[in-house]
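Q: Below you'll find the structure I mean.
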């Protein structure tokens, strides 16, 4: 475990903005070890900056089916020397770019295909996967895009060879359900380390993910750990919770009504809410060619604007969805940064409530009251600006047109999940979700078929869990059971047929993995494993747990959420 003094070290924000703005700076090597997040450590540069024209040429040549492959490749020597060699050789007769890459880089190894023992139940399969998906990267190669972490961690699986921020919370739910509290503690420690090192939790532990975060679930992770360790977990990680909050709220003190700065927005009435934002406005290294093609398809918009909105959608976790687009069939109409997301603000409400609880646990009642006041102000802003009264559901706010958006998405359940919804509105959301999103195989992400992976007909494990728990918070147990039972049936049928759990599911039926998006369907899969275990224990009583989904639907869920309802639910 990381010593508390390292966890609590107060670090200055790194010079990330300059390094990640796209300027090719002289490379300063950094200690590729997770021993100490020292403030003297330079922010490591992503491969598109390190390798400049070489990176661009390799990605545009499409040497690899997945653009993430070269983004994850490790230079075998100083990148500046490789780049100099490239500039000298590339115009020579017979130059072979693929051979040059093979000589100068170590490509990521293809993961060994896991073959589970025959006859395993769903629970046995998941329990057997935890060690398969566990990684340890305390030390990495000098120029690796992988960022070292002090403790072991569980990855999602497939092409996702690193830890991911919001994925990890749902993975942790399963680890806790399996009794692996040591792994939960290790992963929380890693995220605390990242906050100390970088000022925030990046999208994943790669240099090219440092310019953005993801849905802020760190507070939920601390609350989960506190179920096992008590208030000590809250007190121990209070400094990191405060730093994460500072990251999301950076610049709020200088905003005038109607202005935005990075991740924070002040509306005309003075309400403060947040949006997703990436500090860079260039193509994503892991999807370089795709982003360039998207920008070129809409010459009426500046390419940098499109790149920023693509990156910010990646920060949202919903990459990509009609939710962020003017035209669901045209990705280049994406404008994530002009949308105030309801789910993000619900999560930040939870962060403020957890900060209040942690401050109280640490004995600082005055600070606890301040965080409670911030949470109450955000809750009022959610009710004022993120409720669509005409449609009867929570939705996103459109900064460009100064109005609430009409689209219903699974994000509408997040205010229920964090107990921030008014009771009468929660009932309306439950009815809307049941009428428009509930499908034979679970809850659809949206009702729009755009070909993007965060749209119909796909359903995702984390959104099933948020919906089921949120609905239970407000006594909507019948709808919660339908979401839980239908999704579990989908997972079970797919497992019966393919002997694996996957990243996303087609919820228009049962037994089929989802499609769409930038890459093939991935298996593993961290958050599906975690949510499946939790749901198995929801539908089966504690005295008679089930290892697979039973053949007949139970009359009711066997457990209820343990969160204490906020004043909004009274």
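Glycine is treated like the rest: Cβ placed from N, Cα and C.
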Q: Please pick, from 203, 327, the residue that Swiss-Prot records in the substrate site together with 159, 166, 167, 212, 213, 214, 284, 285, 286, 317, 518.
A: 203
Q: Any idea which of 490-516, 544-570 is down as region 'Disordered' in Swiss-Prot?
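A: That would be 544-570, the stretch labelled region 'Disordered' in Swiss-Prot.
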Q: If the substrate binders are 159, 166, 167, 203, 212, 213, 214, 284, 285, 286, 317, 518 per the record, what's the largest distance between their Cα atoms, in Å?
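A: So the binding residues stretch over 21 Å, Cα to Cα.
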Q: Rounded to a whole number, how many Å is the Cα of residue 167 (substrate binding site) away from the Cα of residue 503 (active site, proton donor/acceptor)?
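A: Their Cα atoms are separated by 10 Å.
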Q: With a 10 Å radius around each C-beta, find which of these binding-site residues (159, 212) has the fewest other C-beta atoms nearby.
A: 159
Q: Please report the Cα separation of residue 214 (substrate binding site) and residue 503 (active site, proton donor/acceptor) in Å, rounded to an integer.
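A: On Cα coordinates alone, these residues lie 17 Å apart.
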Q: Cα-Cα, whole number of Å: residue 503 (active site, proton donor/acceptor) versus residue 285 (substrate binding site)?
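A: Between the alpha carbons of residue 503 (active site, proton donor/acceptor) and residue 285 (substrate binding site) there are 22 Å.
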Q: Drop a 10 Å sphere on every Cβ of the binding-site residues 285, 317 and tell me which sphere holds the fewest other Cβ atoms.
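A: Per-residue Cβ counts within 10 Å for the binding-site residues 285, 317 bottom out at 317.
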Q: Let me know how many other Cβ atoms fall within 10 Å of the Cβ of residue 503 (active site, proton donor/acceptor).
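A: Residue 503 (active site, proton donor/acceptor): 27 neighbouring Cβ atoms within 10 Å.
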